């Protein structure tokens with residue numbers, strides 16, 4: 001599946017990082033070289049059909065964190081007027097529950113040039129939990145101080161290997177330290193609130209996987225939100241950037257009222 005944001009046009013330097021040509025281009029796309037999931041494998045996975053102010057529609061991923069809240073990327077809902085949320089199915093545009101957004105909250109300090117603070121919340125009507133619809137756990141206690149380096153985590157989204165697919169895809173990326181990750185980006189892009197994943201094996205998120213979950217599967221723990229890849233391309237082997245969930249727990253609690 002191709003994940004997220006490829007920074008398309010130019011710093012007009014030798015830098016691999018590029019500013020996005022448009023938010024639309026960053027959100028449409030798929031996971032690369034992933035594996036096919038089945039319904040119920042990732043019961044927290046949300047599919048987001050987003051309508052923008054100019055009536056264009058884009059697709060992103062998200063994570064169910066409560067029966068009324070979805071966590072996603074701010075760049076996904078930039079200029080959004082409404083979101084249709086699909087839950088409980090591995091098939092794109094299908095869901096055991098299909099609901100309309102009630103409220104969209106982007107981080108007030110989101111920077112569309114650097115993708116700093118690239119997190120957003122979507123409030124939805126109450127959904128009932130089932131075998132195929134379950135919330136993902138968020139960090140708490142000592143986990144809030146954990147950088148999760150050198151641990152494999154799972155990223156999922158509706159992607160493509162070599163062909164278009166409507167089936168949820170997933171792959172694994174190794175969490176790497178930010179100093180190593182920062183070597184591949186200009187100064188100021190990789191910050192404390194970024195968590196990076198290695199993609200040197202050719203498996204990466206890309207367009208359309210934006211906002212999706214980055215999860216420690218053995219702990220059912222959400223550690224990242226898909227945010228960006230290098231302007232060199234999704235298959236370049238450059239690290240992928242996620243918004244670090246531990247950096248935003250206070251913000252999530254303040255805006256949802258949920259105590260995790």
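Cβ atoms here come from the backbone N, Cα and C positions, even for glycine.
Swiss-Prot lists 1-16 with the feature signal peptide, giving sequence analysis as the kind of evidence.
Annotation comment: Swiss-Prot describes 31-257 as domain 'Peptidase S1'.
The disulfide bond annotation in Swiss-Prot covers 60-76 (among others). DSSP assigns residue 60 (disulfide bond) to a strand.
The active site, charge relay system annotation in Swiss-Prot covers 75 (among others). Other Cβ atoms within 10 Å of the Cβ of residue 75 (active site, charge relay system), summed over all protein chains shown, number 25.
Secondary structure from DSSP puts residue 118 (active site, charge relay system) in coil. Cβ contacts within 10 Å of residue 118 (active site, charge relay system), excluding its own Cβ and spanning all protein chains shown: 31. Under the heading active site, charge relay system, Swiss-Prot lists 118 (among others).
The annotation disulfide bond is assigned in Swiss-Prot to 181-196 (among others). The Cβ of residue 196 (disulfide bond) has 175, 176, 177, 178, 180, 181, 190, 239, 240, 241, 242 as same-chain neighbours under 8 Å, each 6 or more residues away in sequence. Residue 196 (disulfide bond) falls within a strand segment according to DSSP.
Annotation source Swiss-Prot lists disulfide bond at 206-234 (among others).
Following the DSSP three-state reduction, the secondary structure of residue 210 (active site, charge relay system) is coil. In the shown protein chains, 34 other C-beta atoms lie within 10 A of the C-beta of residue 210 (active site, charge relay system). Residues or ranges marked as active site, charge relay system by Swiss-Prot: 210 (among others).
Of all the recorded positions listed here (60, 75, 76, 210), 75 has the Cα closest to the Cα of residue 118 (active site, charge relay system). Here the CA atom of residue 210 (active site, charge relay system) lies 5 Å from the CA atom of residue 60 (disulfide bond).
The average pLDDT computed over the domain 'Peptidase S1' (31-257) stands at 91.
According to DSSP, residue 181 (disulfide bond) is assigned to a helical segment. For the disulfide-bonded residues listed here (60, 76, 181), the lowest count of other CB atoms within 10 A around the CB belongs to 181.
Between the CA atoms of residue 75 (active site, charge relay system) and residue 210 (active site, charge relay system) there is a gap of 8 Å.
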